[in-house]
Amino acid sequence: MAHITTTHGTLSQAPRSLPKLSSQDEEGGAGHGFGGGPQHFEPIPHDHDFCERVVINVSGLRFETQLRTLNQFPDTLLGDPARRLRYFDPLRNEYFFDRSRPSFDAILYYYQSGGRLRRPVNVPLDVFSEEIKFYELGDQAINKFREDEGFIKEEERPLPDNEKQRKVWLLFEYPESSQAARVVAIISVFVILLSIVIFCLETLPEFKHYKVFNTTTNGTKIEEDEVPDITDPFFLIETLCIIWFTFELTVRFLACPNKLNFCRDVMNVIDIIAIIPYFITLATVVAEEEDTLNLPKAPVSPQV
C-alpha cells in the first residue's frame with residue numbers, strides 16, 4: 001500500500017485492483033495458477049478523461065476541478081472544450097481568466113451543484129451579471145438569477161415576422177431600440193406639448209372670435225364664433241398636430257404584429273377619441289365655408 005504525503009499529513013492510497021482473469025483461465029483450474037503457464041488478463045477500463053483534473057487560474061487565484069464537472073454544461077464557456085481552449089496556457093498547463101476572483105467561487109459552484117447559482121454578498125450585482133454573461137451560462141441561468149435577486153420579469157414583446165414591418169414597429173413603439181426611434185419619440189412629445197399649449201391659448205378671451213349680428217335698427221348682438229376660421233393660426237397649428245397624430249397612429253396600426261390587440265389597447269383607443277373631434281370641427285368649417293360661398297349676393301343699386 002503506497003502513501004502520498006500532503007501538507008495536511010499522510011494519506012493512504014487505495015490498493016490497486018487485481019487484473020480480472022479471462023474465462024479460459026477460470027476453466028483451466030489449479031493447473032494454471034499464478035506460477036503455472038501463460039495467463040490471459042483483461043484490462044480494467046478507467047475513465048481517465050472524465051477524472052482528469054483541470055486547473056483554472058482566475059487573476060492569480062487557482063481553482064481545481066474535474067473535467068466531468070465542467071462537462072455537465074457543454075453549452076457554456078467552461079463546459080465546451082473548443083471555447084475554453086482559447087484561454088489555455090500550455091506553459092503552465094492551466095486555463096487563465098483575467099476576471100473577478102470573488103465571482104468565480106459562485107461560477108464554479110454552479111457546475112459542482114448541477115446548476116445552482118448564488119451571488120456572493122461581496123460582489124456587486126452588475127459585476128456578477130457580467131460574469132454570468134462572460135462564462136456563457138445561458139439565458140435560463142440569467143433569468144433564474146434575476147428572479148432570485150427580485151427583478152421583475154420583463155414581458156415578452158411580440159414583434160412582426162416581416163423585417164421591414166418589424167423595423168417600423170420598433171421605430172414608433174420602442175424608443176430605446178435605436179437613435180432614430182428616440183428622435184421619433186421626441187417629435188411625438190413635442191407635438192403633444194404644442195397641442196396642449198394651443199388648446200389652452202384658444203380659451204383665453206384675447207384669442208376668441210366673435211360674430212356681430214344686427215338685431216334691430218339701432219342695436220347689435222355679439223356672440224362667440226364657435227366655428228374657427230380656416231385661416232386662423234391656431235387652427236392651422238392644430239391641423240399640423242392632428243396630421244402627425246393621424247400619421248403615427250396609422251403607421252403603428254399597419255406595422256403592429258397583432259391588429260386585434262392593437263385595437264384593444266386603451267392608449268390607442270384614447271388616441272382615436274382625441275383625434276375624432278378635430279375631424280368633426282373640420283367638417284363644420286368646410287360646410288360653413290361652402291354655405292358662405294353659395295349665399296346669393298345682394299344686387300347693387302346704381303347710385304343716383
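Indices start at 1 and increase along the chain as displayed.
In case you wondered, yes, glycine gets a Cβ from its N, Cα and C as well.
TrEMBL entries are annotated by machine, without manual review.
As the structure is a computational prediction, the values presented were derived from the model and not from experiment.
Features as listed in TrEMBL:
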COMPBIAS  1-15  compositional bias 'Polar residues'
DOMAIN    52-152  domain 'BTB'
REGION    1-41  region 'Disordered'
TRANSMEM  183-204  transmembrane segment
TRANSMEM  234-254  transmembrane segment
TRANSMEM  266-287  transmembrane segment
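Long-range contacts of the transmembrane segment (183-204) within the same chain, counting only residues at least 6 positions beyond its ends with a Cβ under 8 Å from a Cβ of the stretch, are 171-172, 175, 234, 237-238, 241, 244-245, 248. Across the domain 'BTB' (52-152), DSSP helix (H, G, I), strand (E, B) and coil residues number 43 helix, 18 strand, 40 coil.
Within the model, the domain 'BTB' (52-152) carries an average pLDDT of 90.
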